[in-house]
Amino acid sequence: MRKNIVAGNWKMNMTYQDGLALVSEITNMVADETLGANVEVVIAPPAPFLHSIGKLLAEGGKIHLGAQNCHQKESGAFTGEVSAKQLQSVGVEYVILGHSERRQYFHEDDELLSQKLKAVLAAGLKPIFCIGESLETREADETFDFLATQLKNGLFHLSNEEFAQVVIAYEPIWAIGTGKTATSQQAQEVHAFIREQIAGAYDAEAALNTTILYGGSANAQNARELFGQPDVDGGLIGGASLKSRDFTEIIKSF
Ligand code: 13P
């Protein structure tokens, strides 16, 4: 049975002090809540805050720690980089990979992402692997071909055992930070397509067991409708994860 997940991707936002305050508000708000059946919450703060925020989350016991990126090598002379093993050593469980911002601004391609995926899996961490089309691709009616290629090149080189650790996030680029959410029908259509592709590359069981998140202007108002779709198993939340009340409302939207 696949998990439902709400993951907050803070991106390059928040000072350490603001981040601590936000996390304690969120942990207080969810402390008394019975989270929906099978719901897991993840917070992915900027790298320098991982250790202390991880400790705060561990005390509360309900929220898991995620990182926004990692380097593909295990260690060595890579100034400024952080390895999956280092992330694991401070309590990280999930690593976001292939976010469109990393693909666009840091030129991460399928080859590099496949190395990062291997590194994350080798460290015993779970990747949240992002895919998503641009507005241009959608308007050219090429969304499904584009996503099929991203999945094939980016993910489907993994073994069955490796793939079982992967969470997929569908993040249409045109919906990220724009306030323009995919409709629940658009999200459902793509999520069902992703599941079909998984069934083709692996098998029906792998397709059923994979958590597929939606990301892109998801918020407290639209989360219930989105999460109500049969193939939408939660969200990867940007802007709305920076406000405790909004994020908590989203967590309660299953
Ligand atoms: P927004 O929720 O701010 O649109 O960002 C989505 C996202 O990119 C999460 O990774």
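Residue numbers in this text run from 1 along the chain shown.
Positions of Cβ are set from backbone N, Cα and C atoms, glycine also.
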Candidates Ser52, Ser159, Ser217, the one TrEMBL lists with Asn9, Trp10, Lys11, Gly177, Gly238, Gly239 as binding substrate
Ser217
Recorded positions considered: Lys11, His99; fewest surrounding Cβ atoms within 10 Å belongs to Lys11
Asn9 (substrate binding site) in three-state DSSP notation:
strand
What is the interatomic distance between the Cα atoms of Ser217 (substrate binding site) and Glu171 (active site, proton acceptor), given in whole Å?
9
Cβ-Cβ distance under 8 Å to Gly238 (substrate binding site), same chain, at least six residues away:
Asn9, Lys11, Ile176, Gly177, Gly215
Top Cα neighbour of Glu171 (active site, proton acceptor) in the set of recorded positions Trp10, His99, Gly239
His99
Counting other CB atoms within 10 Å of each candidate's CB, the least crowded of the binding-site residues Asn9, Ser217 is Ser217
